[in-house]
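**Student:** Next up is a structure, given as structure tokens.
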Amino acid sequence: MVNPADRADRKQEQLERRRVRPDDTRLTTDQGIRVDDTDNSLSAGERGPSLMDDFHLREKITHFDHERIPERVVHARGAGAYGHFRLHDSLAEYTTADFLCDTARTTPVFVRFSTVAGSRGSADTVRDVRGFATKFYTRQGNFDLVGNNMPVFFIQDGIKFPDFVHAVKPEPPNEIPQASSAHDTLWDFVQLQPETMHMMMWLMSDRALPRSYAMMQGFGVHTFRFVNAEGRATFVKFHWKPRLGTHSLAWDETQKIAGKDPDFNRRDLWDRIDAGDFPEYDLCVQLVPVEDEHRFDFDLLDPTKIIPEEEVPARPVGTLTLDRNPTNFFAETEQVAFHLGNVVPGIDFTNDPLLQARLFSYLDTQLIRLGGPNFPQIPVNRPVVEVRNHHRDGYHQMDLHEGRASYHKNSLSGGCPAVGGEGSFTHYQERVDGHKIRKRSESFADHYSQATLFWNSMADWEKEHIVGAFRFELGKCEHRHIREGVVGHLNHVDHDLAVQVAAGVGVEAPAAPATPNHGRGSPALSQANSATDSVRGRKIAILAADGVDSAAVAAVGDALMEAGAVCEILAAHAGFVQAANGGQVEVTRAMPTVASVLYDAVLVPGGEQSVRALAGDGDAVHFVAEAFVHCKAIGALDAGIGLLERAGITGVEFASNGGTVSDTGVVTGEGPGGDFSARLIDAVKAHRHWTRRKAHVPA
Ligand code: HDE
């Protein structure tokens, strides 16, 4: 008989048994009694009082009254998907974790992405860290990699987590601001806790504004420990690298999207999977032999530090593909319970004090959030292997345990379940010796060097975005001493950065650096070095009105879609527009229902009449101008070039016909033939054309 844990789709098979479909069914109460009417309460006469005997009314309202559970105290807003992990490169030399050893193995997973500070209903595109939590349903039990999209954290010791979260969450008197770190309490915490500085550099960078969950890195943050069959340990850091590269939205864009489509990232994930355009990520590991524990100029146990990839390469070992949307948001995405303490044999912890506190927190919070100790039985949380132990009873016990013995050791159940045997988890036998103290290790004391490393690694445009972010966030702080305190710390990171921020937030610029810049960088940290070789899932707006050149729409649209992009035809109204050469073109969306911020690029096809109408339509002119300001690829054909001029897109160099793609990302042509489509595709692949950021176009 095949072990159910060995089948690739074993998680879906397990879930399938729990899926409830509405087809061909009759409405019943929770007791299975068919009801004759669910629209009118039972009452004494037509205008009389409702009656207590109406068990259907009472049950329906009672259930409704209890539909909500507490949201997560952090990471409340999320989006999830199922998928699978395929191992390409065995790590058997380092770990006994089966899903990392056997390259024939495919492991089902559930992933939940999240923002951290906002409530369940907050917008997706706020400036924030993103959670990237993965549950591997392995044949040795569940392994949870509960990571973020940034490789470091704000604090070094978990005992500071409640302080930090209180500071970043909305302020107590009025619960303002929602899902934002731009307020006094967060920055007060920062200026008094300089270990935050490295993470604040990441948070103020474009990493905090991901274009898509499919274009976002993930990190396990802490140093973990692999243990192999001989009991030998190796330190390991986990990374997810998206196949589509790591790309971000522009800050101005994120704020507008928060109003136009607050579900932007959630929708993007859903639509990609729905369209079969599955997000993919490579799992990479940085391995450090235990003998090298002290070879770095930082402590491996300090979660505010990275191991630069230039020092220890991130070795790709397998691929995660997200290929199935959940059936029910609440049942799966809301009820999923991740825990960094869920490890399988061959993966163990280290003494990172942040990690250690997390080991306590997750189970504790889930007990209240999910209402008792049986939440591992919820379908999304159940492992694909058998669960056997003496845990009994509690709220919502779903299993029927047979037998009289619910204790170990027993003779009444034949001693079952037996303890131990091959494949049992054995903790790494680390030698521990020390006094009981409350003291941060001296090896955790450097709070600035890696913040400087990050700053030095940024491209010019990334640095400008960081300065802008500090100016925005600190600019929102009412207290001058807080702004001064932060600028003081920035002066340890980089003098020029501190001076630029000071100038924007009305505090005196420091006269000289507090710490000289060490000049080192790590190219792997810059998004400028990320992959730009695909247009998969990129959304292209094609602007049209009556008289549009439908042949051009078809030719360029087909080429874009063939390359993997999603094209939508936008017009002033829904329905159809008349084509220049007769016939009709179907409109995907009416322009007033969308905005340029929801697209990666815009194409203005020719057709004199169409372009004249667009030039007279404020929405269309604004659409193009705004796409330009956000540095997106723009294509225009024939008369369509006139719309660019109407939008004030002048003073920038256009790609000439037949030439190479200009670094302005504006591609023009006399007709859809030649290499126009190829040049436009290249411009979209580039993600953004930041060189254009100095051109001022009103939008
Ligand atoms: Fe979490 N974190 N965390 N965290 N965390 C939670 O668990 C906590 C930390 C992360 O999609 C909570 O079930 C403490 C680092 C993700 O369901 C809670 C500390 C990293 C998610 C909790 C940290 C994370 C959580 C809230 C400092 C990146 C969402 C609800 C010691 C490596 C998982 C829940 C999901 C969720 C505690 C720090 C990632 C309260 C005490 C560092 C992705 O238990």
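A Cβ is built for glycine as well, from the same backbone N, Cα and C atoms used for every other residue.
TrEMBL labels come from automatic prediction, so no person has curated them.
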**Student:** Out of Arg72, Arg77, Arg404, which one does TrEMBL list together with Arg112, Phe161, Arg358, Tyr362, Arg369 for heme?
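**Tutor:** Candidate in the recorded heme site: Arg72.
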**Student:** Of the ranges 322-342, 469-489, 511-531, which one does TrEMBL flag as region 'Disordered'?
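**Tutor:** It is 511-531 that TrEMBL describes as region 'Disordered'.
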**Student:** If you draw a 10 Å sphere around the Cβ of Arg72 (heme binding site), how many other Cβ atoms fall inside it, taking every protein chain shown into account?
**Tutor:** 20
**Student:** What's the CA to CA span in angstrom from Arg369 (heme binding site) over to His75 (active site)?
**Tutor:** 13
**Student:** Going by DSSP, how much of the region 'Disordered' (511-531) is helix, how much is strand and how much is coil, in residues?
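**Tutor:** The region 'Disordered' (511-531) comes out at 6 helix, 0 strand, 15 coil.
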**Student:** Applying a 10 Å Cβ distance cut-off over all chains shown, what neighbour count does Arg369 (heme binding site) have?
**Tutor:** 16
**Student:** I want to verify one value. Collapsing DSSP to three states, which class is His75 (active site)?
**Tutor:** coil
**Student:** Report, in whole Å, the straight Cα-to-Cα distance of His75 (active site) from Phe161 (heme binding site).
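**Tutor:** Given the Cα positions, Phe161 (heme binding site) is 14 Å from His75 (active site).
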**Student:** Can you break down the region 'Disordered' (1-50) into helix, strand and coil residue counts using DSSP?
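**Tutor:** When I sort the residues of the region 'Disordered' (1-50) into the three classes, I find 10 helix, 4 strand, 36 coil.
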**Student:** Give me the mean pLDDT over the domain 'Catalase core' (28-416), rounded to a whole number.
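**Tutor:** Result for the domain 'Catalase core' (28-416): average pLDDT 98.
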**Student:** In sequence order, which residues at least six apart in the same chain have a CB under 8 Å from the CB of Asn148 (active site)?
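**Tutor:** Same-chain residues close to Asn148 (active site) (Cβ under 8 Å, separated by 6 or more) are Val129, Arg130, Gly131, Phe132, Gly218, Phe219, Val221.
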